Structure formats: C-alpha cells, structure tokens
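These notes concern the structure reproduced below.
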Ligand code: SAM
Ligand code: SF4
C-alpha cells in the first residue's frame with residue numbers, strides 16, 4: 001500500500017489555550033442552553049478517555065514516536081463526571097466515550113455507570129475498535145451503555161492489517177459478535193473509505209451486513225485531514241456520491257429521514273434488507289446542524305473536530321474553580337464556534353491534534 005501525497009494537507013498550528021478569566025463576549029447568554037453565535041444548540045458531548053491505542057490506523061495515528069499525553073494530565077473519573085454534570089445542567093443529553101481506544105482506560109465500565117446516572121443524561125454510548133469487546137461487552141451493557149460504534153475498515157485480513165497495522169481482523173469480528181450477544185444496541189460499524197485502498201469493499205461490506213443475524217448499520221466515513229502522519233490528500237477521499245453508486249449495484253436504495261444533527265445520512269435498500277449511512281464530512285459538510293462538542297482526555301474543550309483553538313478546563317478543575325466558572329468557560333468555548341470548518345476553502349489549516357488525540 002502506498003500512501004501519502006507529496007505535501008501534507010496544510011501546516012499544523014499551535015493550539016491556543018484560552019482561560020476562564022478572559023472576559024465573556026457581551027452578547028453571550030449567561031443562562032439557558034449552550035448556544036453558539038449562529039444559534040446552534042449543543043446537546044452532545046464526546047469524551048476522550050485516553051489518547052492511547054492498541055491499533056495504529058494509518059488514517060489516524062503515526063506508526064511510532066507518538067508524544068502521548070502524560071498520565072497526570074489525563075482527567076480523572078471525578079473530573080470527567082463533574083464536567084458532565086455541569087454540561088448536563090446546560091442541556092447536554094447524550095454522551096459518547098471515545099479516544100484513542102476508550103476500552104484501554106481501566107475502569108471504563110465504572111465510569112459508564114457513573115455517567116449514566118448523571119441527571120439529564122439520556123444516553124451514554126461508545127466508539128471503539130472492538131478489540132477488547134469480547135472481555136468487556138457484557139460489563140458495558142450491565143453498566144448501562146446505550147449503543148456502540150465499532151470501527152472496521154476492511155473484511156480482508158491483509159487489508160485490515162495494512163490499515164490498522166495490526167493483524168486482528170478475527171478479534172474485531174469476535175468483538176462485534178460479543179456486543180451483539182451482550183445485547184448492546186444499536187451496533188454501528190464505522191468504515192473509513194480511502195481511495196485505492198479499501199474503496200472496492202463498499203459493496204462487500206453492505207452484502208456482509210445484510211447477511212448478519214443482527215441489525216448492523218455500516219456507516220462509511222470520508223477520510224478527513226486529521227491523520228497523524230500527514231498522509232491525507234483530497235485524492236484519497238472516496239466521496240459519498242461514489243459510495244452511493246457502489247451501494248446501488250446491490251439494488252435500489254432510498255433515503256431515510258433521520259435526525260438532521262446525525263452526521264450520517266441514512267439510506268435503506270428498497271428490498272428492506274439493510275440500512276447504511278454515509279458521513280460526508282469532506283464532500284458535503286454538515287456544520288449547520290452540528291450539535292456537539294468534545295472534551296479531550298487532557299481536559300480541553302474543542303468546539304469542532306477541525307478547531308485550531310481549544311479551551312482548557314483542567315486548570316480550572318484542578319485550580320479550585322467553582323461550577324459557575326467552569327460552566328462559563330464551556331459557554332465561551334461554545335459561543336465562539338465558527339460557522340463551519342474550512343476543509344474546502346483556501347487557507348484551511350489542519351489542527352495540530354490528530355484524531356486519536358482529539359477523540360473522534
Ligand atoms: N479507537 C476507537 C475507534 O477506532 O473506533 C475510537 C477513536 S477513533 C479516533 C473514532 C473514529 O474516528 C473511528 O471510527 C475512526 O475510524 C475515525 N477516524 C479516525 N481518523 C479518521 C480520519 N482521518 N478520517 C475519518 N475518520 C477517522
Ligand atoms: Fe486507534 Fe481508533 Fe485511531 Fe484506529 S482510529 S488508531 S483504533 S484511535
């Protein structure tokens with residue numbers, strides 16, 4: 001597999017850390033739901049539990065020399081729960097645990113159970129590579145996990161190894177089976193599609209999902225410029241239109257009207273056998289309906305995947321700040337969210353953090 005264009009998509013920038021003591025913008029509401037300047041309301045929080053991972057996916061992480069976040073900088077469970085309580089009081093309802101690989105965080109089941117009980121939180125779900133699900137699926141279900149997204153980019157053993165840099169396809173398939181056996185629902189399969197690498201597998205994935213004994217929604221994700229090795233080029237993005245074209249080789253498909261804030265546009269086969277989704281972050285950005293923010297493992301709020309500015313909560317949490325101060329910092333982080341990412345515009349600057357360190 002050859003990867004990488006001659007140039008990275010854009011130069012990385014230094015992340016700016018803002019402080020709670022910065023004056024609040026005069027027109028920012030100080031109560032009510034978390035809202036930004038364009039009227040979008042935040043209902044979802046993605047929480048990265050760690051930047052560590054047992055895989056090294058080419059579209060996400062570099063192969064070696066990874067500058068891990070020092071462990072003392074990682075938020076504790078108490079700190080995470082506190083941020084969640086504060087966000088829930090401002091209208092956040094849905095949480096997703098991610099990473100890095102969230103199942104590598106010891107006690108993740110305990111944290112799940114704690115977050116499920118926070119007043120106002122309606123669901124806690126997870127995105128995982130599935131490797132540890134054979135051991136952990138039942139405990140996660142018992143802890144109250146609502147649904148699970150499992151990343152799987154190839155059903156071919158060699159290609160899976162090339163993409164993840166780990167020879168663990170069978171183990172991930174076992175993880176999917178374990179999630180189904182534990183009753184975790186819904187189960188969604190996330191597949192990043194890269195031109196010339198696994199783009200030939202769209203049809204294979206859909207046929208595979210249609211044959212599974214449990215309901216699996218495969219969601220194809222366009223490759224975003226958030227990789228750790230600067231391999232992204234626009235040519236490698238296999239677009240939503242091309243994915244849909246392959247799906248139609250199986251049979252007629254029709255759109256499903258789903259929540260506009262869901263990043264995936266959903267489709268179903270007209271014969272009733274299977275639903276799939278496409279996350280077209282590059283070719284059809286959905287910023288106008290975005291309702292999420294992210295908390296990095298080291299306690300920074302990011303108001304967009306592609307943000308080049310992040311807001312430090314850890315210093316506040318560890319510096320004796322009261323809930324109101326922390327809430328004000330979160331409000332400010334949301335308020336200044338931009339209208340939309342700039343991937344398709346001149347001057348796009350790739351954020352310094354890659355996906356594994358942001359919490360995808
Ligand atoms: N380790 C877990 C996993 O792989 O599911 C959770 C973290 S991973 C960063 C979250 C999701 O981001 C995965 O579905 C992964 O495929 C996706 N992802 C990572 N890098 C990406 C990129 N450059 N473009 C699009 N999706 C990406
Ligand atoms: Fe790890 Fe997930 Fe990134 Fe793959 S996509 S390297 S499994 S964090």
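Glycine is treated like the rest: Cβ placed from N, Cα and C.
Summary of the site annotation: TrEMBL records GTP binding at 46, 127, 188, 292, 293, 294. Screening the candidates 82, 96, 331 against this entry identifies 96 as the one listed for that site. Residue pair residue 60 ([4Fe-4S] cluster 1 binding site) / residue 188 (GTP binding site) shows a Cα separation of 19 Å.
Residue 151 (S-adenosyl-L-methionine binding site) and residue 304 ([4Fe-4S] cluster 2 binding site) have their C-alpha atoms 21 Å apart, to the nearest angstrom. Checking the binding-site residues 59, 293, 294 for a CB within less than 6 Å of any atom of ligand 1 leaves 59, listed in sequence order.
Among the binding-site residues 57, 100, 127, 304, the residues whose Cβ lies under 6 Å from any atom of ligand 2 are, in sequence order, 57, 100.
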